[in-house]
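Here's the structure, in structure tokens; my notes come after.
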Amino acid sequence: MAALDIQISVEAEGWSSEENLAAFATKVLNAAVDFLKREEEQPFPKMPVELSLVFTDDENIREINAEWRDKDKATNVLSFPAFPLEPGGMPGPMLGDIVIARETVEREALELDKSFEDHLTHLLVHGFLHLFGYDHMDEEEAEEMESLETRILAVLGLSDPYAGQEPL
């Protein structure tokens, strides 16, 4: 049985089809779930956990960021947990929402000399970990979260996105 029930919403032009995004996100996020269960002993309910992914543009994510975080600017990814969860805690039936902005992902991928798909993979994993209570508000949290991201991405065949950088 699948651990995740992923709901996809494409709210801007330029994204792939919902079917392609669903297949891509399912592969990435199921790898993240498997990793967390195996390596971090993350508990998971027997029933699938619902997760919403919104693929949007810079303008929409800027509005969401302004409304919910008082930051009137576009960003790459926003995560909204359905319920507060500490790392290692048991998720409920609804995990939360992840919102991703296409233009920012494209721009950052170019700046980082990465493919769009590789950068999108990283941002999906990053946003997903936020739903499990991981954060990067201080150096210790950032190191833990970045380590998890790097290890999950390695399972997916991707290199360390933080190589040569200071923690967030």
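Glycine is treated like the rest: Cβ placed from N, Cα and C.
DSSP assigns His130 (Zn(2+) binding site) to a helix in the three-state reduction. Residues or ranges marked as Zn(2+) binding site by Swiss-Prot on the basis of sequence analysis: His126, His130, His136.
Between the listed binding-site residues, namely His126, His130, the fewest other CB atoms within 10 angstroms of a CB are found at His130. Of all the Cβ atoms in the protein chains shown, 18 others lie within 10 Å of the Cβ of His136 (Zn(2+) binding site).
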